[in-house]
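According to TrEMBL, the feature domain 'Amino acid transporter transmembrane' maps to 60-276. For 91-113, 156-179, 191-210, 215-237, 257-275, the entry in TrEMBL reads transmembrane segment.
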Amino acid sequence: MALQVAESELHSFLSDEKSKMNEVPQNIQKRTKIVEKDEVAHLNSIDYFDPFLERNLEHSTTNGETLTHLLKASLGTGILAMPLAFQCSGLITGIFATVFVSFVCTYCSYLLVKCAHTLYRRTKVSSMSYADIAEVAFANGPEWSQKFSSLTRQSILWLLFVTYFGTCSVYTVIIASNFHQLFTYHMGYELNLRYFIAILLIPLILLSYVPNLKYLAPVSMIANLLMAAGLSITFYYMLCDVPSISKRPTVGSFEAFPTFFCITVFAMEAIGVVMPL
């Protein structure tokens, strides 16, 4: 008799516990969504497409080589023009404005890369250029933006051409001016600056024949080292006899701010080379 009572209590206890264990909490039921089979296949195709594994480049760059190219493109001789930028903006205003411009440039590059990764998975394409990303983004956007996809691509290509044509022209003039000053100092007579620009045409054309960024990485590394040495020497002479800060304007004129922003963006912006790298 006692054995039957014990078995009955054990059976009722296990039944109650089993029903509690099989019961789904209401908060989980509310968050549960039934997904159709086709939608699951679509989501899995997006989640499991890795553009980096699918990308097959013959001469791909390593992380170190990519960083070398990015530093060379972002931090160039435009840094030497920053004193002129601070002269236009003022000392205090220039510090905060430089931080703001650098944040905007970095954030825009981050958004470009993030959008590229999203479009890679949506279109199952392993790589795109800057213009490709803009065109595909407009083509996959709202209905009103789809008709502007081709125009957006052409606009970006032309703007990139104008930007880097001007940037390379400025760099050529800067390099030629430095050689011009060295030649005048050591030789004792002066030649026209245009001769030095014409001489630079030869090495610039040879550099343009480098087939890929992999082979150009050692050149960028040497350029970074030379730039670091040049900036170190420049800062050494700048800090030898620093005038009083009180003699410097803290806030510049409003009319000179466009010049400040142009110089600052020129010194640190390299969004056009982010996607190729």
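Cβ coordinates come from backbone N, Cα and C, glycine included.
TrEMBL: automatically predicted annotations, no manual curation.
Under 8 Å from some Cβ of the transmembrane segment (257-275) lie the Cβ atoms of residues 69-70, 73-76, 78-79, 81-82, 84-86, 88-89, 94, 97-98, 101-102, 105, 108-109, 112-113, 116, 128-130, 133, 160, 163-164, 167, 170, all in the same chain and six or more residues away from its ends. For the transmembrane segment (156-179), the residues of the chain that approach it from at least six positions outside its boundaries are 76-77, 130-131, 134, 193, 196-197, 199-200, 204, 266, 272, judged by C-beta separation under 8 angstroms. Here the transmembrane segment (191-210) has Cβ contacts under 8 Å with residues 172-173, 175-177, 179-180, 183-184, 216, 219 of the same chain, all six or more residues outside its ends.
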